[in-house]
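What Swiss-Prot records for this protein:
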BINDING   Thr45, Cys46, Asn47, Arg48, Ser101, Glu106, Asp107, Gln108, Gln112  substrate binding site
ACT_SITE  Cys46  active site, nucleophile
SITE      His91  site 'Important for activity'
BINDING   Gly177, Tyr178, Gly179, Asp180, Val181, Gly182  NADP(+) binding site
Amino acid sequence: MIAVLGIKRNTPIEIREKLTIKANKHDEYLDRLLKYLDGVIILATCNRTEIYFNVSFINEELLKKIFEIFNWNYSYRKYIFISEDKKACKHLFEVTCGFHSKILGEDQILGQVKTSYFKSLNAKALNLELQRLFQYAITCGKKFKSQSRLFEIPVSSASIVVNESINKDCKKFMVLGYGDVGRLTMKYLLAHNINEVYLAVRNKKIKDEIVDERVNVIDFEEKNKYINDMDCVISCTSAPHIVIKKQDINNIGDNILIYDLAVPRDVDDEINDIDRAQVYNIDNISYINDGNKKMRFDKMDSNKFILENYLNEYYEWKRLRSIAPFIEELKVTSKEIYDKRITTFKNKCKYRGDVDLANKMIKSTSDYYMNRAIEIMKEETLKGSEEECLRIIKSIFIAKK
């Protein structure tokens, strides 16, 4: 069966950051999980940790193995949800369409689902059922995004913090990290009339990618030379530890906004004790009214039928897959009967031309009845009457051995 294991929706960030998955160990995790699961996809983003898998059954022993592989403390089990079969499938489709994002309808999740899918595909970590589920979900996500026209009002944590800081008259910025979120943050920042941006990175080659004169690319270790002169700092690294400590921020100076887009958090919570500093973590940011939330909800809600349609298509595929062995058996039987009949005719017929004509006639007749039987079998399967139909067709077409 298909199942998903993830972190419950309202789990505090203090717990979520202890249940993260290290990106640099993704392939290792897949390899270890496959010892216990038939197929697995790890969806790990800055604000989502979910494992989709195929398994015969789920028990506490299996859950403990999964916790052990990710080095999670099993005392956090109460913060984990597990959904199976149709509930798991529906959850994936809703995730892919943006219904479960902290920021409703945010535009990064579809790409993140695709990336996770291809990582498992390339690692040969998928069975057919899980592979087809994600193919349907990704196709659904594309259709949903296109038809609901969410691209007309794109939103992400990066766009929200940039707009919020611009509205608060910030002119001097520092961005920490240049992964997917960091790049997106820089894109939004540079679309505005700002004075300068300090981009703190560990990879010095990134400097060659930046052509905007407002950007100063600095070594990550140099960030504290400039951080106290900034109006706004946006941190989005993948570090497993704090990168902005309380002692890094001076007590005296102009007001400074600090947005922490990372999970685990980049920013020391105690910085909030400094009068001139305001720190917002990813949970705080999700509550900021970006002005378009109601519009996005209406667009998404009115197009939810797309999700239901693709889910039903997947369920149909799954039901029809259950009769695939019988269809194969029917084709083999049909060929055996055809071969016997044409061999008998050849032995009795004197003229080659008659054999060719008979060959075509017998083959077309055999194919017609076989294909018609398969069509009926599929129709009855989708109606839920496959067992009775299977019994009748078997008794007609497949002789007892």
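For all residues, glycine too, the Cβ spot is worked out from N, Cα and C.
A distance of 10 Å separates the Cα atom of Gln112 (substrate binding site) from that of Asp180 (NADP(+) binding site). DSSP assigns Asp107 (substrate binding site) to coil in the three-state reduction, placing it in neither a helix nor a strand.
Excluding the listed site residues Gly177, Tyr178, Gly179, Asp180, Val181, Gly182, the same chain places Arg183, Leu184, Thr185, Cys236, Thr237, Ser238 with Cβ atoms within 8 Å of the centre of the NADP(+) site Cβ atoms. Counting only same-chain residues six or more apart in sequence, the Cβ atoms lying under 8 angstroms from the Cβ of Val181 (NADP(+) binding site) belong to Cys46, Ser157, Ala158, Cys236, Leu261. Comparing C-alpha positions, Asp180 (NADP(+) binding site) sits nearest to Thr45 among the recorded positions Thr45, Asn47, His91, Asp107.
For the binding-site residues Asn47, Asp107, Gln112, counting C-beta atoms within 10 A of each C-beta gives the highest total at Asn47. Taking the mean position of the Cβ atoms of Thr45, Cys46, Asn47, Arg48, Ser101, Glu106, Asp107, Gln108, Gln112 as the substrate site, the remaining residues of that chain whose Cβ falls within 8 Å of it are Lys102, Ile103, Ile109, Ser156, Ser157. Shown in sequence order, Val175, Leu176, Leu199, Cys236, Thr237 are the residues of the chain, 6+ apart in sequence, with a C-beta less than 8 angstroms from the C-beta of Gly182 (NADP(+) binding site). In sequence order, Gln108, Ile109, Gln112 constitute the residues six or more apart from Thr45 (substrate binding site) in its chain with CB-CB distances below 8 Å. For Gly179 (NADP(+) binding site), the nearest neighbour among the recorded positions Asn47, His91, Ser101, judged by Cα separation, is Asn47. In sequence order, Ala200, Val201, Ser235, Cys236, Thr237, Ser238, Ala262, Asp266 constitute the residues six or more apart from Gly177 (NADP(+) binding site) in its chain with CB-CB distances below 8 Å. DSSP classifies Tyr178 (NADP(+) binding site) as coil under the three-state reduction. When the Cα atoms are compared, Ser101 (substrate binding site) and His91 (site 'Important for activity') turn out to be 12 Å apart. With every protein chain in view, the residue among the recorded positions His91, Tyr178 whose Cβ has the most Cβ partners within 10 Å turns out to be Tyr178. When the binding-site residues Ser101, Asp180 are compared by the number of other CB atoms within 10 angstroms of each CB, Asp180 has the fewest.
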